[in-house]
């Protein structure tokens, strides 16, 4: 018996959300992406669209122009240069987009209820905890309860990667046959991955530690 497609997924086009989309594809009716004015939005969104089409999942891109216009973050086109280094270094905090996941989950909740969907998937993971407060379990738990209480049909948020690492996610993706060269991570949003910003460093380490050949094209 085929499982009911009763879920939507917030998908950026990066390793984590693409992996989750493949893992939960049997239940996903809608893939939801956001154009919020980040330096790497265009690069990410092309891969989100690619994988949604490949899986036969409807894909929506919702503009959140106000974030790029009014919020402060070096991740945004309106911000400064992307710092280089690991996620846990102090300078990477400048890439935080305030309450980004909260805003996206709120929009996703309204859309899920409008579509009669019961579940939202989001692919935050343990490696995000160091600098992104809206990726931590301490945020996801109360946000889940708020969405459940604030929707008529009790929409649920499921964040199954919250307590696992990007290396763990890479292993899941490898078991699903995902080609990670068809995902985007780099915050700089250039032609190639820079290889030295926090998300590039994490990507390289995750693939290496998972024993997966890294076919990503890096600058230099």
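Glycine is treated like the rest: Cβ placed from N, Cα and C.
Feature list (source: Swiss-Prot):
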type	residues	note
BINDING	11, 12, 13, 14, 15, 16, 17, 18, 19, 20, 21	ATP binding site
BINDING	186, 194, 197, 200	Zn(2+) binding site
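Mapped onto this structure are the features recorded in Swiss-Prot.
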{"residue": "11", "record": "ATP binding site", "Cβ contacts under 8 Å, 6 or more apart": "17, 18, 20, 21, 31, 32, 33, 48, 51, 52, 59, 123"}
{"residue": "13", "record": "ATP binding site", "Cβ contacts under 8 Å, 6 or more apart": "33, 43, 44, 45, 46, 47, 48, 49, 50, 51, 183, 184"}
{"residue": "15", "record": "ATP binding site", "Cβ contacts under 8 Å, 6 or more apart": "166, 169, 170, 173, 180, 183, 185, 203, 206"}
{"residue": "19", "record": "ATP binding site", "Cβ contacts under 8 Å, 6 or more apart": "123, 169, 170, 172, 173, 176, 178"}
{"residue": "186", "record": "Zn(2+) binding site", "Cβ contacts under 8 Å, 6 or more apart": "40, 43, 192, 193, 194, 195, 197, 199, 200"}
Cβ atoms other than its own within 10 Å of the Cβ of residue 197 (Zn(2+) binding site), all chains, total 26
Can you list, in sequence order, the residues of the same chain other than 186, 194, 197, 200 whose CB lies within 8 Å of the CB centroid of the Zn(2+) site?
82, 84, 185, 187, 188, 193, 195, 196, 198, 199, 201, 218
Within 10 Å, the Cβ with the most other Cβ atoms among the binding-site residues 21, 194, 200 is that of 21
What number of additional C-beta atoms lies within 10 angstroms of the C-beta atom of residue 17 (ATP binding site)?
26
